[in-house]
Ligand code: COA
Ligand code: AMP
């Protein structure tokens with residue numbers, strides 16, 4: 001007998017357009033699609049061509065109109081500030097309307113970009129929804145990024161407006177956003193006309209006359225006003241979210257309105273098993289795709305309740321904070337990154353904090369964003385006694401590519417595998433030459449047969465050619481995920497590593513290329529390379545290598561201090577760049593390409609054949625000796641209990 005998963009997947013395979021047409025019935029459209037999939041439009045085709053809709057109307061208005069205005073939309077819980085609040089769908093509609101009026105009065109209209117530099121407070125979700133209401137395109141920049149990263153994004157998105165809070169809060173410090181924003185605007189070629197500033201009591205931002213307006217003043221003046229949701233094309237962008245590429249220039253991933261709503265709505269029910277009124281706790285950040293999809297849009301489209309958590313899994317105040325939240329709000333499912341559970345496990349190995357709380361509402365734990373090591377999954381299963389679901393996706397796809405669908409009935413778990421492809425995704429393994437790998441368990445490049453499903457990126461912001469080059473060129477007819485992996489005899493996918501220069505630090509996706517650009521700016525550095533090495537808590541952390549310029553002779557520790565400060569200043573604390581070693585030469589191929597993957601394998605003590613193309617194998621021994629001296633020959637991630 002077929003499982004529900006198998007029959008749904010087979011139904012999609014038999015007729016993708018019919019499948020998505022049926023799923024689209026869950027959404028309110030202002031105009032139906034002329035074509036469910038238009039293969040001629042866009043770079044590889046577009047979903048719901050000709051349709052018109054509004055994402056804010058679907059996420060907010062329709063629940064109020066259906067009589068659910070008193071249901072909680074947002075629960076805000078900030079152990080860092082000791083603040084809690086709740087917002088019903090009716091109240092959310094009022095607040096979104098008022099802010100949308102402020103934006104509209106300042107000239108923000110359909111297609112304009114609005115950059116958001118905001119922390120984990122409800123105002124961030126309200127600002128995203130206000131943009132969506134007007135058909136404006138929001139671009140949320142993670143608060144852990146420094147001024148230069150913000151400036152790069154402002155230059156690419158060319159926003160009419162920036163919305164920022166005066167500060168974000170880390171457990172150990174106040175991160176003042178406003179000076180960073182002012183610096184970024186100074187650096188940017190295309191400054192925004194207006195900045196809306198949400199003042200928080202922890203830090204008062206100074207305002208620039210004629211440009212900055214105060215959120216509270218403007219919104220209270222607009223209280224009670226409403227603006228109708230703007231009809232946008234299903235194919236119009238809802239947001240642009242920048243994600244790390246292989247260079248310092250991040251990629252602007254576009255999410256459209258129609259396909260995104262259809263896909264998220266499908267996942268909420270069928271994958272996460274969340275019904276209207278259920279409480280979903282996604283412990284991530286608005287600045288990442290997980291925050292966009294499962295703190296804001298997914299739960300609100302479904303009419304569920306979302307939790308906005310301003311805290312950390314440990315230390316705010318203790319490793320029991322997730323469980324306190326589950327008990328207090330009747331959370332049905334948690335979604336976070338494995339690193340959060342490694343942190344909790346480290347501080348509460350016996351689950352003493354778990355036992356303190358009533359977890360009877362809690363049904364499933366979802367993990368994504370980085371490889372979920374089996375030891376962490378098994379620990380969480382034992383301690384929580386609920387299914388722990390690893391699922392694999394990317395900023396680009398916006399929703400799960402491969403997973404174990406709680407809403408359809410779980411498949412047997414294989415540790416180390418995020419399970420099976422979801423409808424919409426025909427996942428295959430190709431050799432470097434682009435040949436299909438037909439044997440099971442053979443490692444290769446993980447690709448998705450085109451077209452990508454609704455919700456996945458149609459292209460990059462103002463960069464169709466970069467989109468083709470980065471994702472479609474190498475394997476014609478397929479989307480390149482840039483992950484390496486294998487599929488076993490039962491069709492389970494195992495994702496092993498990235499095939500490019502992206503590293504994953506505490507579930508944060510970072511570009512080693514961007515860090516190398518910063519290292520190379522140091523006047524004493526002739527050449528630089530950055531790799532990700534295994535870390536028992538964060539999964540990976542960056543490690544820098546530099547070759548000093550001729551004649552420079554300086555202590556390694558002094559240089560390390562300066563360069564660590566530079567990376568923090570240029571990219572941000574989130575890069576977690578703390579370690580640097582000096583080497584005489586970098587290992588390269590004869591054509592001059594730095595052998596980063598080989599260096600990483602040495603650091604992680606993995607067996608790896610020396611590439612035949614290496615210029616001088618002796619350099620690898622030098623690198624190995626330096627790593628040994630500094631104690632970097634790493635601890636494995638899956639340390640035995
Ligand atoms: N704004 C400003 N700074 C931030 C920030 C933000 N939103 N988020 C992180 N930072 C800073 C941290 O304060 C830290 O600074 P420091 O060097 O001064 O200590 C630095 O960036 C590195 O942060 P992080 O890698 O998160 O490490 P951490 O030690 O602060 O916390 C965990 C470790 C595991 C608790 C934390 O990474 C975590 O909660 N992870 C959850 C995973 C997650 O949300 N992933 C998102 C994708 S699902
Ligand atoms: P991001 O775009 O930040 O979501 O990062 C996407 C990348 O994170 C993927 O390409 C993978 O390399 C990695 N990743 C995300 N989820 C998983 C997972 N469940 N297992 C293994 N790797 C993952």
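We number each residue from 1, going along the chain as drawn.
From the backbone N, Cα and C atoms, a Cβ is placed for every residue, glycine too.
According to TrEMBL, the feature domain 'Acetyl-coenzyme A synthetase N-terminal' maps to 5-59.
Over the domain 'AMP-dependent synthetase/ligase' (66-449) the predicted model carries a mean pLDDT of 97. TrEMBL lists 66-449 with the feature domain 'AMP-dependent synthetase/ligase'.
The DSSP breakdown of the domain 'AMP-binding enzyme C-terminal' (515-593) into helical (H, G, I), extended (E, B) and coil residues amounts to 25 helix, 26 strand, 28 coil. Under the heading domain 'AMP-binding enzyme C-terminal', TrEMBL lists 515-593.
Taken through DSSP, the domain 'Acetyl-coenzyme A synthetase N-terminal' (5-59) splits into 26 helix, 11 strand, 18 coil.
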